[in-house]
Ligand SMILES: C[C@@](CO)(OP(=O)(O)O)[C@H](O)COP(=O)(O)OP(=O)(O)OC[C@H]1O[C@@H](n2ccc(N)nc2=O)[C@H](O)[C@@H]1O
Ligand SMILES: Nc1ncnc2c1ncn2[C@@H]1O[C@H](COP(=O)(O)OP(=O)(O)O)[C@@H](O)[C@H]1O
């Protein structure tokens, strides 16, 4: 078995620009990978077929799992029939706005490309990835990014400060499709530009914005409550990530962040993590 790590992401900002003919939405987002990881183990085995195991959780097995669909899509593109065994240790909360499924898929695409020496470029892997999920290309890009289109046009963002995020998942699973369906678009914005950073925490706090937050928070008032709790515990800003339900707080101090995560994680059904951005 070869082991790979699949990180979570947060959306530091998410602007919905317009609804498209194909039902998807054009976005402008600032995306950042953080140090909370699923572990993906893969082996090439005798005989055809893709098997996915994920212990202790009720994630879909077989084709229902996005990791299996990723392996299938890559082998098809390579014109190859091989047996692949995939074991997922799921640490990223599911349907939580943290991109766990997309990250697992991206990791399978990159990992199998390496293990089978298929020679696909990152751009080719992104092309296969976006058909599996709009957030998959971002995890193949592997930098903090300004993402546009449905999330597949990616520009590197540099100068983000070293800080801490406290991720708080209040145990609610939120369907991304439901959130986009229930979004009431007011006016599209055309004035958004890629933000520039010189390394201060204040710049991050100023950029925090999520057009999907009102939709999810209207259905689940707990979201607003978690934001207020994070601010009370010393966060310099707080925002829901993606379609939710995870909320993150911005902390410049590691001890404060760890203490806040411990405190938030004590509430029944909650999971909380103090994490760092992955800036490479
Ligand atoms: C909201 C975001 C922000 O990063 O993340 P999550 O909350 O899912 O983590 C993404 O836009 C989610 O991306 P992802 O979860 O990969 O989406 P997909 O599986 O491709 O699509 C799920 C559903 O969301 C809607 N969708 C998704 C992306 C997009 N730009 N416009 C949309 O309208 C579509 O209706 C689609 O049927
Ligand atoms: N490997 C996987 N990890 C997480 N979710 C998966 C996976 N495979 C399929 N799914 C399904 O995808 C849906 C969205 O999952 P996830 O990527 O965790 O959420 P989000 O889109 O909010 O970031 C869930 O309903 C889940 O059942």
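A Cβ is built for glycine as well, from the same backbone N, Cα and C atoms used for every other residue.
Copied from TrEMBL, the annotated features are:
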ACT_SITE  9  active site
DOMAIN    65-141  domain 'GHMP kinase N-terminal'
BINDING   93, 94, 95, 96, 97, 98, 99, 100, 101, 102, 103  ATP binding site
ACT_SITE  135  active site
DOMAIN    201-266  domain 'GHMP kinase C-terminal'
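Features recorded in TrEMBL, as mapped to the structure shown.
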| residue | record | Cβ contacts under 8 Å, 6 or more apart |
| --- | --- | --- |
| 9 | active site | 31, 32, 33, 34, 98, 99, 102, 103, 135, 138, 139, 241, 242 |
| 93 | ATP binding site | 100, 169, 246, 271 |
| 95 | ATP binding site | 173, 174, 175, 176 |
| 97 | ATP binding site | 10, 11, 174, 240, 241, 242, 243, 244, 245, 246 |
| 101 | ATP binding site | 66, 94, 133 |
Binding-site residues near ligand 1 among 95, 97, 101 (Cβ under 6 Å): 97
Entries of 9, 93, 103, 135 (recorded positions) sitting next to ligand 2, with Cβ under 6 Å as the cut-off: none
Mapped DSSP class for residue 99 (ATP binding site), helix or strand or coil: coil
The domain 'GHMP kinase C-terminal' (201-266), counted residue by residue under DSSP: helix, strand, coil: 36 helix, 11 strand, 19 coil
Mean per-residue pLDDT computed across the domain 'GHMP kinase N-terminal' (65-141): 97
93, 94, 95, 96, 97, 98, 99, 100, 101, 102, 103 excluded, remaining Cβ within 8 Å of their centroid (ATP): 8, 92, 242
Local Cβ density at residue 99 (ATP binding site) - other Cβ atoms counted within 10 Å: 29
